[in-house]
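Report on the structure given below.
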């Protein structure tokens, strides 16, 4: 895999890994002094760096000539495999916690396996492990093709990929150990956060350096989204994680903000992690792989522009809709609601642009499950953004907030949009990357599609039902003017829906495992005639349409 | 308009700068004023800080991910006020770094749970929730009783909190570890603790086991103070459930 690295690049790798091993040792020593789980993370950093060091030192010689004549795709290949492993891990934990809500004793009587520790392991595993690795892998692929330029060096893509996965490991293992700062979707502690900043700045520089080398005069739409994803996630991550560590020898830190300011900052982060991690990045994926696979240019260049800037501007205001009727000042709540409703316009423009691109290629959607993954993703994107704008309205939010409806909405987006566009893109790109004629089994892609779709629908319908019932039960009054149901009554009423949700999640997980098998068999397949149209210049969609 | 864009999308740095500017506006307008507009947070001079034991309990609450299922924010809706008590005010989480308002109620809201149940109830409920609430789907936290609370470095925690704006005094920081142990040991000398944190400080063996200060002591001490740091929202009325 990394045999293409030059001697000099390997030396850089060895130097950085040596520094990391020293940092790990220092963490382990400081943590041991305080009997803090920080110590375990020190050992984890050391072990991870040592393993990577072994890989780097294997075959310490100059690569052969000719490596500069093709795009550098090894990090993309590794990233896709890692993303699928995280997918299975994250979805497994997710389904486990889903069963736990129906049968709370389906667990070990140990600290690490209680719901509160597994739940962030699920969210981080799928969002950052699966989603993040898929974004990094596909962005490397897309930026080279759309810029018609090779990556500027071979070291920094590996640094981004390997370093990012160290962050993911620190995050997920931390939850099992009880290390968390409790800010939803920003749970990792201060040292993991600092490390992510280092990785992310490298990622941004790599992106800008590749764009600087491009042989196309224009930056293609997919790259606008990837660039916005990298930049804005950096801003969000840094601001929301500002904190003072209790000690440099322990994991615990205290957020710089408190109470109402912290709540606003947290949901500004939380909602825009949805916007720029889970939407912008994946729209980048969609804007490249969907037209490629359909063999048609993007429907409208103007719609791309309006959609992009609308999403970039409006989304950043919408976070306060998570705080309706709370102690957050009313004026901020109202701004959040207003912009959330306006956000529907650019979101639907993006979804419509994708679906209209398929005009003239609907026969392919019927025959090709890979393209159908992407089409269904665009439909779910449109549906869940509509739902999001709807739920941001104060009076709707009064009912939906704190209930399972929110969970259903999130998963309509996470499973229906993020995961489906990722699976579609991966099925498209795997034969191109490994120079295979097609996926090992198109029939299994078909099976995966129907498992994923059925799983998503069961999940989302179960949560819509349970959430709305829950919200209604909490606010039902009887004739004498007192509350009809106790909180426990509403919990008991959720039981059948929690079972349905866990079954839906199980179908989705099985689909992902089928996908892993199919990808693995494709990689192992003897190289045949490579799939057409990979590195050939793009049709009209590379250039603006007008 | 599209002509301008035609030029911007040829320059990667211009595009990056434009994205940063456009994306920053919303956050600046919504977040920055919250720090400067005075009536964003009500004033309550009697608002008190967490004792070291309560703070340790809060950190256990965070560590175990309790925030994932229990909100700490009573909204201004009639059914919530009737079910949980007076709606939450901003001042009540003024010293919460970070806040724990939460986003989901798989279990009930805890903003005003302090004083609602006895220590024995909390301890039994945490050991096995189904012993006291047969329908509960909460995990068991039995190991908290067996785990001794690590109090040695609590002074560092208080110092970090002072750095971010919580008014802990030098004496509070210096005595943090001793105060944490004293609060769960009513037989010890607790005069210093009362002097530093006030006469309303709850001093008792929270988990019913006098021998050690356990993590259970800390967590129950924290749960019993929820909603009681400030009277600004009126004292919580008796349970309606």
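Yeah, the Cβs are placed from backbone N, Cα and C, and that goes for glycine too.
Some features that TrEMBL has for this protein:
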type	residues	note
TRANSMEM	A:38-57	transmembrane segment
TRANSMEM	A:78-101	transmembrane segment
TRANSMEM	A:121-143	transmembrane segment
BINDING	A:122, A:411	heme b 1; low-spin binding site
TRANSMEM	A:155-178	transmembrane segment
TRANSMEM	A:190-212	transmembrane segment
DOMAIN	A:210-546	domain 'Cytochrome oxidase subunit I profile'
TRANSMEM	A:224-248	transmembrane segment
TRANSMEM	A:268-290	transmembrane segment
BINDING	A:271, A:321, A:322	Cu cation binding site
TRANSMEM	A:299-318	transmembrane segment
TRANSMEM	A:373-394	transmembrane segment
TRANSMEM	A:414-434	transmembrane segment
TRANSMEM	A:443-464	transmembrane segment
TRANSMEM	A:498-520	transmembrane segment
(message) Same chain, not part of A:271, A:321, A:322: whose C-beta falls within 8 angstroms of the C-beta centre of the Cu cation site? Give them in sequence order.
(response) A:267, A:270, A:318, A:319, A:320, A:323, A:336, A:340, A:392
(request) For the transmembrane segment (A:224-248), find every same-chain residue at least 6 residues outside the stretch whose CB is under 8 Å from a CB in it, and list them. (result) 30, 34, 135, 139, 142-143, 181, 183, 186, 190, 193, 196-197, 200-201, 203-204, 207, 211, 254-257, 265-266, 268-269, 272-273, 275-277, 280-281, 283-284, 287, 308, 312, 316
(message) Counting CB pairs under 8 Å, which listed stretch among A:121-143, A:190-212, A:299-318, A:373-394 touches the transmembrane segment (A:78-101) the most?
(response) A:121-143
(message) Using the alpha carbons only, what distance in Å do you get between residue A:322 (Cu cation binding site) and residue A:411 (heme b 1; low-spin binding site) once rounded?
(response) 17
(request) For chain B, give the subset of the binding-site residues A:122, A:271, A:411 whose C-beta is less than 8 angstroms from one of that chain's C-beta atoms, in sequence order, otherwise 'none'. (result) none
(message) Can you give me the Cα-Cα distance between residue A:321 (Cu cation binding site) and residue A:411 (heme b 1; low-spin binding site) in Å, rounded to a whole number?
(response) 18
(request) Determine the Cβ neighbour count for residue A:271 (Cu cation binding site): the number of other Cβ atoms within 10 Å of its Cβ. (result) 24
(request) Give residue numbers and ranges for long-range contacts of the transmembrane segment (A:155-178): same chain, 6 or more residues beyond its ends, CB-CB under 8 A. (result) 2, 5, 9, 12-13, 16, 37, 40-41, 44-45, 48, 52, 72, 75, 78-79, 82, 86, 111-112, 117-118, 120-121, 124-125, 128-129, 132-133, 136-137, 140, 187-189, 191-192, 195-196, 198-199, 202-203, 205-206, 251
(request) Check each residue in the chain of residue A:411 (heme b 1; low-spin binding site) that is at least six apart in sequence and keep those whose C-beta is under 8 Å from its C-beta; list them in sequence order. (result) A:456, A:459, A:460, A:463
(message) Under 8 Å between C-beta atoms and at least six residues away from its ends: which parts of the chain pack against the transmembrane segment (A:121-143)?
(response) 71-73, 75-80, 82-84, 86-87, 89-91, 93-94, 96-97, 151, 157, 160-161, 164-165, 167-168, 171-172, 175-176, 184-185, 187-188, 203, 207, 210-211, 222-223, 226, 229, 273, 277-278, 281-282, 284-285, 288-289, 414, 418-419, 422, 425-426, 429, 433
(request) Can you grab the distance from residue A:271 (Cu cation binding site) over to residue A:122 (heme b 1; low-spin binding site)? Cα atoms, rounded to a whole Å. (result) 18
(message) In the three-state scheme derived from DSSP, which category covers residue A:322 (Cu cation binding site)?
(response) helix
